[in-house]
Amino acid sequence: MIERFWFPRTPALRLATLRVLVGGYGLVYLLVRLPHLLSYALDDLGRFAPVGIVSLAPAPTLPWLYRALVALLIPTSIAFVIGLRHRVLAPLHAALLLWVLTYSNSWGKILHTDNLFLMHVIVLALAPASDALSIDARGRAPVDDHPRYGWAPRLMVAVAAATYLLAGIAKLRNNGLDFAMGETLRNFVAFDNVRKIELGSTFSPLGAALVPYVGLFSMLAWGSLALELGAPLALHPRIGRAWAIGMWSFHVGVLALMAIGFVYPLSFIAFAPLFDVERIWRARPLRRLAITG
């Protein structure tokens, strides 16, 4: 039963579609964030506070070497999207991405917004995700549905569920059930918007206008706790799809109330492993791409 759960018969096209979606998001992300990532080509030992895998390094990466690693991410990202030499280049891309994103968090400010995206890339890099819709698969006969294509989407869902579960546990550890009363969330929204107004940054007029309504924030707090603490239920396919829509709505709410956008979940690609994404290729404009790929 456990084997059937983790290794369901799955179309190769589903796994390949996830590779294209996650990889495509990653390529756009890297192109947009390239100047930001390159800004960490530093050698200031006073600011260097290594985290994660970067803790293994005794000193900052040489600036020229770090720039080269960041630049190398672009071609490996393209190879990831098109499924070129996936067994070799995809793990290389995942390793580079792990190093660069962790390194950029090693200069005093740790951001968790890219963790889920990074973990999804790592899972896909280790999976047979180029057996369809790829350069690697060109000229080959279509492959049948097989359990070897099922574990990666399942693991991607489990990883997403774990990240949200940890977020819910953190809320309880920091505030207990008082968080559900709404006062903590309301104060957080109010403080964030006031800070942004003072700094001349983009703030949420809607969030500022709703601050007087504690009852509304209590409902939102209960909803966020239910979604995050109930995240393991996402491993059930039917429940998981409803959960994905709920979590996406949560992120829309954060954007509306605080002008904070978590782009990966807002794109819905973070929740794509819960759906039969291969169906998008049934649309007439895309059908030919799926066949030739």
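Placement of Cβ uses the backbone N, Cα and C atoms for every residue, glycine included.
The transmembrane segment annotation in TrEMBL covers 12-32 (among others). Residues 73-74, 77-78, 80-81, 83, 86, 97, 117, 120-121, 124, 127-134, 137, 142-143, 145-146, 149, 152-153, 156, 263-264, 267, 269, 272-273, 276-278, 280-281, 290, 293 of the same chain lie 6+ residues outside the transmembrane segment (12-32) yet bring a C-beta within less than 8 angstroms of a C-beta in it.
TrEMBL lists 48-275 with the feature domain 'HTTM'. On the 0 to 100 pLDDT scale, the domain 'HTTM' (48-275) averages 93 in this prediction.
Outside the transmembrane segment (64-81), and at least 6 residues removed from its termini, the chain residues within Cβ reach (under 8 Å) are 19-20, 23-24, 26-27, 30-31, 34, 37-38, 40-41, 89-90, 92-93, 96-97, 99-100, 103, 121, 124-125. What TrEMBL lists as transmembrane segment is 64-81 (among others).
Here TrEMBL flags 116-135 (among others) as transmembrane segment.
What TrEMBL records for 155-172 (among others) is transmembrane segment. Long-range contacts of the transmembrane segment (155-172) within the same chain, counting only residues at least 6 positions beyond its ends with a Cβ under 8 Å from a Cβ of the stretch, are 6, 18, 115-116, 119-120, 123-124, 179, 224-225, 227-229, 231-232, 234-235, 240, 247, 270-271, 273-274.
The transmembrane segment annotation in TrEMBL covers 210-235 (among others).
Look at TrEMBL and you will find 247-275 (among others) tagged as transmembrane segment.
Long-range neighbours of the transmembrane segment (210-235) within the same chain, counting only residues 6 or more positions beyond its ends whose Cβ lies under 8 Å from a Cβ of the stretch, are 154, 157-158, 160-162, 164-165, 167-169, 171-172, 179-186, 189-190, 193, 243-244, 246-247, 250, 253, 257, 274.
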